[in-house]
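**Q** So TrEMBL lists the following for this protein:
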TRANSMEM  B:21-46  transmembrane segment
TRANSMEM  B:178-201  transmembrane segment
DOMAIN    B:178-375  domain 'ABC transmembrane type-1'
TRANSMEM  B:213-236  transmembrane segment
TRANSMEM  B:256-280  transmembrane segment
TRANSMEM  B:300-324  transmembrane segment
TRANSMEM  B:356-374  transmembrane segment
TRANSMEM  B:405-429  transmembrane segment
DOMAIN    B:456-651  domain 'ABC transmembrane type-1'
TRANSMEM  B:462-481  transmembrane segment
TRANSMEM  B:493-516  transmembrane segment
TRANSMEM  B:528-554  transmembrane segment
TRANSMEM  B:630-651  transmembrane segment
Amino acid sequence: MTNSKKWLLTSALAVGLASGALAEELTVYTAVEAEDLARYAEMFNADHPDIQINWVRDSTGVITAKLLAEKDNPQADVIWGLAATSLLLFKSEGMLEPYAPEGVELLDPKFVDQSDPPQWVGMDAWVAAICYNTVEAGALDLPVPTSWQDLLDPVYEGHLIMPNPNSSGTGFLDVSSWLQIFGEEGGWEYMDGLHNNIARYTHSGSAPCKLAASGEIPIGISFAFRGAKSKAAGAPIEIIVPTEGVGWDMEATAIVAGTDSLEAAQTLVDWSITRAANEMYNTGYAVVAYPGVAQPVEHFPENLAEMMIDNDFEFAANNRSAILEEWQSRYDGKSDPK
Amino acid sequence: MSSVESIPGPKIRKKVGTDALIQRGFIVVIALYLIITLAFPLYAMLSKAFEVYNYDLSQFSVQASDEEGNFTTGPVTLLDLNAELGLLGDSDMAAKGDGRLSLTQFFPDFSFRSPVMYRVAGTDEKSVFLVGSERHVGTESVEVDSNTFRKVVVRPVKSRGMSNFTRYFSTPALFRSIGNSVFIATVSTIITVTLAFWFAYALSRSCMKYKGFFRLVAMAPILVPSLLPGIALVYLFGNQGILKGLLMGQSIYGPIGIVIGSVFFTFPHAMLIIGTALSISDARLYEAAVSLRASRWRTFWTVTIPGARYGLISAAFVVFNLVITDFGLPKVIGGQFNVLAVDIYKQVIGQQNFEMGAVVSVVLLLPALLAFAIDRQVQKKQVAGLTARSVVFEPKPDRKADTGWLFYCSLVAVFILGIIGICQMAALIKFWPYDMSLSLNNYAFDRMDGGGWAAYKNSIKLGLLTAFVGTVVVFLGAYMVEKTSDFTKGRSGFQMLAMMPMAIPGMVLGLAYIFFFNNPANPLNFIYGTMAILVVSTVTHFYTVSHLTAVTALKQMDTEFESVASSLKQPFYKLFARVTVPVCMPAILNISIYLFVNAMTTVSAVVFLYSTDTALASIAVLNMDDAGDIAPAAAMGMMIFYTNAAARLLHAVGSRAILKRSEAWRQR
């Protein structure tokens with residue numbers, strides 16, 4: 001072993017020991033995109049170096065399932081960045097620790113749980129959008145869709161892709177928003193029509209946009225943030241906000257009831273609603289909980305905030321099971337639409 | 001001393017010596033291991049399948065006011081109300097765990113604009129109802145206006161029953177998967193066994209060149225996760241695929257993709273089994289055929305095929321089992337074509353419906369168990385294929401035929417290498433198909449889902465730990481079963497336990513582990529979410545083949561060793577360490593490399609069990625593909641391939657060196 005390596009090792013050990021002595025560890029469950037997690041932890045540790053975050057990241061459906069499965073034996077201390085509809089479900093199962101974080105009154109009330117003290121607080125909104133690959137769609141002569149209804153046009157048959165709402169939070173917000181925009185009956189009718197054009201349903205919510213970005217499919221129903229990222233990476237895509245309005249869900253934060261590190265959890269949640277944290281969310285999300293923070297995000301459609309529908313989260317949470325069952329019986333397991 | 005004779009001697013009983021006691025102890029410990037890691041979890045899963053959620057209407061009472069808001073009638077329980085109105089039947093009471101029942105439906109003339117007020121209360125201390133998402137526990141009543149009453153819902157409660165199964169078989173989206181799975185497995189089996197048979201035939205019955213190369217290539221699919229062929233097919237036949245035209249408008253996402261991929265990843269398994277069966281043929285039979293002037297065609301059907309029939313049948317069932325239980329491939333390339341293994345994943349991961357996941361697991365267990373049972377029966381029959389008088393068959397050169405075989409084997413090799421090659425290519429291309437320049441961007445795993453490079457390191461750790469722990473447990477277990485004399489019942493019981501893991505699909509095992517280990521009442525609960533549970537599940541999942549390898553090696557050792565050792569008063573462990581282990585070294589090394597390679601590639605059992613700290617490379621491939629990051633998924637898949645190839649190489653070199661040293665006695 002060379003000297004420099006030895007030095008590195010000992011100093012690494014020393015740092016490890018020093019931080020080990022101080023650090024409190026928090027197990028944080030999240031559905032935030034993987035590439036943002038390191039940044040979130042870094043920013044948080046700049047203010048609170050003594051709390052170490054152990055991330056458990058997966059798609060919304062997986063994390064929700066995990067938390068429900070661990071209901072009697074919770075492994076998580078904090079949930080940071082999971083769909084509000086999931087948190088509402090946990091709330092109704094009595095799995096969350098009520099806590100009013102410091103400065104919660106500064107947030108847009110739409111982003112805070114109604115109970116007092118609130119059981120969760122919102123961070124930002126992630127919004128549905130259509131990713132349209134100009135090169136592939138051009139080659140196939142597909143017109144640019146401007147509304148959800150446009151997507152029913154038979155020219156799109158086999159050229160659309162969307163997430164399966166049973167596994168993807170994005171897919172579910174699409175479905176629940178259509179049920180709210182078009183009404184219950186109209187919503188299902190709309191999806192019946194859409195189903196004829198869908199090539200397949202993906203497991204994850206970001207996949208449709210990534211697949212559109214790579215030209216595997218011309219049009220993907222996904223969320224705006226993902227589209228903006230793919231566009232920034234050089235994909236020939238346009239992000240389209242349908243004129244009827246778009247569904248959205250909130251990413252939210254909560255403390256898991258029964259955590260052993262309540263104090264550290266509260267510190268984290270306190271920090272998660274600060275202005276600095278909201279500025280951090282703003283790099284990817286055009287709409288955040290802290291009023292006056294949001295700056296326009298590159299490649300993001302400008303009118304997005306106005307196009308967000310007035311989402312009834314309780315409707316979505318309490319009808320989730322019934323909606324998904326109906327969806328499954330209508331569209332899942334049908335043979336591959338050609 | 002004479003007095004001794006007059007005293008009636010003690011009853012003579014066979015004494016159990018220290019050795020035998022220790023050995024029994026070992027058998028019991030390893031049997032306990034299998035019971036805890038296999039039998040208990042399966043039982044937990046089975047009982048989960050019968051866990052149902054129902055709305056218990058007797059738990060709640062409601063009261064409605066008149067138009068002025070005065071409550072003139074007393075509270076009624078929902079049960080009575082429902083009975084009176086005849087609204088909901090028994091089948092409406094079944095629900096999923098997160099199901100919610102709205103109370104407005106019990107008031108046919110309900111309108112959210114009416115001035116009628118409602119009072120809701122539980123009937124016992126444990127009743128829970130929700131107003132919106134607010135919980136109300138106990139018997140205290142809550143008064144709400146009509147508008148808010150819309151938000152009052154009740155949650156289902158847990159009980160036991162068959163309704164999950166009735167629900168499964170009355171949901172076409174679910175039970176149709178049975179047909180799909182069986183169809184896919186059957187078609188893949190027919191194609192794979194046919195292809196593998198001719199390949200093995202060429203290797204053992206022709207004088208074609210480059211046999212060593214072809215043997216090596218045919219084994220390559222074992223080194224990659226079954227997800228990889230799926231990813232390769234996307235690049236070959238997907239909408240941007242380079243060979244898309246070959247499909248003539250058919251979509252690769254669906255049965256076509258699953259079958260092609262299944263042929264790829266099951267090929268080596270079939271080839272090995274059939275190859276072994278073909279290699280033990282007796283040349284005298286062929287000589288007899290020639291002297292009887294039988295045509296080649298007739299010889300083929302009357303000598304070759306009957307000689308290899310058990311191998312063929314066994315290969316068919318192994319392939320069928322592999323395909324029907326595989327989860328990675330249909331997950332990647334299956335599109336809307338549902339199969340059982342993916343259904344389990346969808347139910348559990350997507351819908352959080354653990355009970356239905358358990359039901360699908362039970363359904364998947366049946367064909368897997370059946371295929372396994374038939375295979376065991378067939379294997380038992382294949383004993384005396386080769387007798388002491390047999391003459392080994394030596395193929396004679398035949399220029400025309402050998403060229404034909406070379407052509408055929410080359411085609412298969414191109415298929416296998418093409419699948420692996422395209423993945424490596426895709427991994428190195430910057431942004432397929434818009435920027436075809438080379439780049440290492442796709443190796444920046446830390447910026448993607450799935451766990452990054454840490455996942456890769458974890459996989460290697462899991463591989464090494466599984467290889468080490470697994471080999472020790474398996475070999476000790478096999479030794480105790482094979483080389484101890486009494487305790488017959490215990491040993492045959494153990495033998496049965498050791499065969500079980502092969503019949504249990506990985507997905508089923510993984511799910512069973514959640515139910516068993518993620519239970520706070522379980523004292524072993526602490527291993528949940530750690531590397532330990534991954535090691536335990538992987539060792540158990542691949543126990544049977546390792547056990548059989550060890551047993552075969554041990555059977556080749558004469559039992560005289562034990563007799564000699566005990567007459568020399570040597571304890572068994574001395575014999576074990578000084579003789580048995582060195583002699584069985586080749587088998588021990590084979591077991592460890594088998595466990596290592598499988599630990600690197602497995603997805604099915606561990607997909608339910610990993611945590612962020614223990615994310616694995618194979619899971620990363622799955623998750624990256626899931627998120628649409630197909631090229632990085634291919635890159636990670638290739639990392640697994642290279643690691644496994646390197647491990648195999650190391651194993652080959654290492655075992656040659658060890659053999660040279662420890663097996664000098666074999667040379668004369």
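Placed from the backbone N, Cα and C atoms, the Cβ positions cover glycine too.
Heads up, TrEMBL stuff is auto-annotated, nobody curated it.
How about a rundown of where these features are and what they're close to?
**A** Taking Cβ pairs closer than 8 Å, the transmembrane segment (B:21-46) reaches residues 358, 361-362, 473, 476-477, 480-481, 484, 487, 490-491, 493-494, 497-498, 500-501, 504, 508-509, 511-513, 515-517, 519, 524, 536-537, 539-540, 543, 572-573 in its own chain, all 6 or more past its ends.
Beyond the ends of the transmembrane segment (B:213-236), by six or more residues, the same chain brings 199, 202-203, 242-243, 252, 257, 260-261, 264-269, 271, 326, 328-329, 331-333, 409, 412-413, 416-420, 422-423, 425-426, 432, 597, 600-603, 618, 621-622, 625, 630, 633-634, 637-638, 640-641, 644-645, 648 to within a C-beta distance below 8 angstroms of the stretch.
Non-local neighbours of the transmembrane segment (B:256-280) in the same chain are 184-185, 187-188, 191-193, 195-197, 199-201, 203-205, 218-222, 224, 226, 229-230, 233, 237, 247, 250, 304, 307-312, 314-316, 318-319, 322-323, 326, 329-330, 332-335, 337, 339, 382, 385-386, 390, 412, 415-416, 419; each lies 6+ residues outside the stretch with a CB under 8 Å from one of its CB atoms.
With a threshold of 8 Å between CB atoms, the same-chain residues lying at least 6 positions outside the transmembrane segment (B:356-374) that come near it are 45-46, 48-49, 51, 96, 164-165, 167-168, 174, 177-178, 181-182, 185, 313, 317, 320-321, 324-325, 340-341, 343-344, 347-348, 502-505, 507-508, 511-512, 515.
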**Q** Near the transmembrane segment (B:528-554), which same-chain residues lie under 8 Å Cβ to Cβ, leaving out any that are not at least 6 residues past its ends?
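**A** Long-range Cβ neighbours of the transmembrane segment (B:528-554): 34, 37-38, 458, 461-462, 465-466, 469-471, 473-475, 477-479, 481-483, 498-502, 504, 506, 509-510, 513, 517-518, 580, 584, 586-588, 590-591, 594-595, 598-599, 602, 604-606, 609-611, 613-614, 616.
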**Q** Do any residues of this chain, six or more beyond the ends of the transmembrane segment (B:493-516), have a C-beta under 8 angstroms from a C-beta of it, and if so which?
**A** 27, 30-31, 34-35, 38-42, 44-45, 48, 324-325, 327, 341, 344-345, 348, 354, 357-358, 361, 364-365, 368-369, 372-373, 376, 477-478, 480-481, 522, 533, 537, 540-545, 547, 602-609
**Q** Same chain, outside the transmembrane segment (B:405-429) by at least 6, Cβ under 8 Å from its Cβ: which residues?
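**A** Long-range Cβ neighbours of the transmembrane segment (B:405-429): 195, 198-199, 202-203, 206, 208-210, 213-214, 217-218, 220-221, 224, 228-229, 231-233, 235-236, 242, 264, 267, 435-440, 442-443, 630-632, 634-635, 637-638, 641.
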**Q** Are there residues at least six beyond either end of the transmembrane segment (B:462-481) with Cβ under 8 Å to its Cβ atoms? List them, or say none.
**A** 23, 26-27, 30, 33, 491, 494-495, 498, 531, 534-535, 538-539, 542-543, 546-547, 550-551, 554, 576, 580-581, 584, 588, 591-593, 595-600, 614, 616, 643, 647
